[in-house]
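> This is the structure I have questions about; it appears just below.
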Amino acid sequence: MSGISPSASGLLPMPGAPSSSWAAYKARAAAIVGHHDTKVIVAFWLFGLINNVLYVIILSAAQDLVGSIPKGVVLLADVVPSFLTKLVAPYFIHRIPYRMRVLIFIALSVIGMLMVALTPRTQSVAIKLVGVVLASISAGGGELSFLGLTHFYGPMSLAGWGSGTGAAGLVGAGLYVMFTDWWGLSVRSSLLISACFPAIMFISFFVILPLGPLREGTTRKDYDAIPDLEDEDVNHMDQGTASSALLAPGPGVASTAYSAHNTQDTLTMRDRLKKVKGLFVPYMLPLLLVYVAEYTINQGVAPTLLFPLEESPFDEFRDFYPMYGFLYQLGVFISRSSTPFIRIHHLYLPSTLQVVNLVLLTFHAVYFFLPSVYIVFVIIFWEGLLGGGVYVNCFAEIMENVPPEDREFSLGATTVSDSGGISIAGLISIVMETKLCNYQVAHGRDWCRRISAQGH
């Protein structure tokens, strides 16, 4: 029997053991919380949460912001600037230090949300959309920057980021339902509260995140290999072991795993375009497909998935849409938090299943054959599981399969697929929602016309 105590082995002491005093528990908990890698996970979780939460709140508020105007308009204002940012920024943003980027993202987010919140109802919707555009630019630049930053902090930072982005959807949609439906706050008050959230990003980067690995990774001239792991060992590692190692915590991940020299300054435009071409089929295309399908559902089909109020748990027709958003984001959160436990290597399978969801719900919007809104709830939740799973596993596959010297650029460049897919979905949704609503009205279901913007 080993003479090593539980506390010495890195575990919490067993109840009843001599070392199980409250002081021992406090010391061990403090060691865990203060550990380098724990801080990395927490920081990246908060990055994912705050970078995406305003985007989700804006989409959840789409119906209240524009009323009967197609929600695809808000989607396009929320996504196209982000898409354009991700399209062009990877070719120059590496020249801007990360700390400066974070300050820029915070400023854009706060200004954008204040414009959306403080614009009176008498003013044009266009002014609100300008605020949405500013928040979108911040979210797009933040996503490609923070995903690129995971290159310096290892796979657990990606797990934290993925879970945080999933939580953003859940928190954003849930908070909006809570603010407006449960607490009875106005749309303006809800958005003003949301404008305070970017302050958390400042704390995450400048207080919580250990900046040593970033400094080392951007100043070292040579790649610092992981100790005790030769290239030959990696080449002979079977896929299951490599997959498990990808997201398993290990000693010194934050400081040793990804301190490769940043070679982006030496890449020409031709080199970058060649790298993007190699990313398209295995990573970018399935991510694009899943986002086209799910956001066409969310913005083009979901607003028309209405049932008689007496057959639903709602008092108003406007209540269907925020609930669909909440269930979708719940599924996204669960699947984006799953990579330490479940990995998906074949990205095209869930992408195809998402297209099936789109077809099924579109047919229901036309023919009204699903007998209960609760069946739609389940499908929307499943939609979120599929979409979140493709997103986080796409970037996990890049971290596993792309060479270290190309990884930072590849992680950032691939983000264009989700915004590109959402932009395409926004264009489709503007036409699709109108056509579906007109069809329903012509066939005696005018519920989609009974929805108006909620006042400030």
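Positions of Cβ are set from backbone N, Cα and C atoms, glycine also.
Note that TrEMBL annotation is computational and uncurated.
So TrEMBL has the following annotated:
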| type | residues | note |
| --- | --- | --- |
| TRANSMEM | 40-61 | transmembrane segment |
| TRANSMEM | 73-93 | transmembrane segment |
| TRANSMEM | 100-119 | transmembrane segment |
| TRANSMEM | 125-146 | transmembrane segment |
| TRANSMEM | 158-179 | transmembrane segment |
| TRANSMEM | 191-211 | transmembrane segment |
| TRANSMEM | 279-297 | transmembrane segment |
| TRANSMEM | 317-335 | transmembrane segment |
| TRANSMEM | 347-367 | transmembrane segment |
| TRANSMEM | 373-392 | transmembrane segment |
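Could you place the listed features in the three-dimensional structure?
Same-chain residues lying 6+ beyond the ends of the transmembrane segment (125-146) with a Cβ under 8 Å from its Cβ atoms: 44, 47-48, 51-52, 54-55, 58, 65-66, 69, 73-74, 77-86, 89-90, 93, 98, 101-102, 104-106, 108-109, 111-117, 119, 161, 201, 411-413, 415, 419.
Sequence-distant contacts of the transmembrane segment (158-179), counting only residues of its own chain at least 6 positions beyond either end whose CB sits under 8 Å from a CB of the stretch, comprise 40-57, 60-61, 146-147, 150, 185, 189-190, 193-194, 247, 322-323, 325-326, 328-330, 332-337, 339-340, 384, 388, 391-392, 395-396, 399.
Here the transmembrane segment (317-335) has Cβ contacts under 8 Å with residues 56, 59-60, 62-64, 163, 165-167, 169-170, 172-174, 176-177, 180-181, 294, 298, 302-303, 305-307, 309, 373, 376-377, 380-389, 391-392, 447-448, 450-452, 454 of the same chain, all six or more residues outside its ends.
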> I'm a bit unsure how to read this: which one of 40-61, 100-119, 191-211, 279-297, 373-392 has the highest number of Cβ pairs shorter than 8 Å with the transmembrane segment (347-367)?
279-297
> Among the recorded stretches 100-119, 191-211, 279-297, 373-392, which has the greatest number of Cβ pairs closer than 8 Å to the transmembrane segment (40-61)?
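Stretch with the highest Cβ contact count: 191-211.
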> What stretch in 100-119, 191-211, 373-392 has the biggest tally of Cβ pairs under 8 Å against the transmembrane segment (279-297)?
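Counting Cβ pairs under 8 Å, the winner is 373-392.
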> Under 8 Å between C-beta atoms and at least six residues away from its ends: which parts of the chain pack against the transmembrane segment (191-211)?
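Distant Cβ neighbours of the transmembrane segment (191-211) are 36, 39-40, 42-44, 46-47, 49-51, 53-54, 57, 61, 98-99, 102-103, 105-106, 109-110, 113-114, 116-118, 142, 175, 179, 185, 254-255.
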> Using a Cβ cut-off of under 8 Å, list the residues of the same chain at least 6 residues beyond the transmembrane segment (373-392) that approach it.
158, 162, 165-166, 169, 286-287, 290-291, 294, 297, 302, 305, 307, 311-313, 320, 323-324, 327-336, 338-339, 344, 347, 350-351, 353-354, 357, 360-361, 364, 418
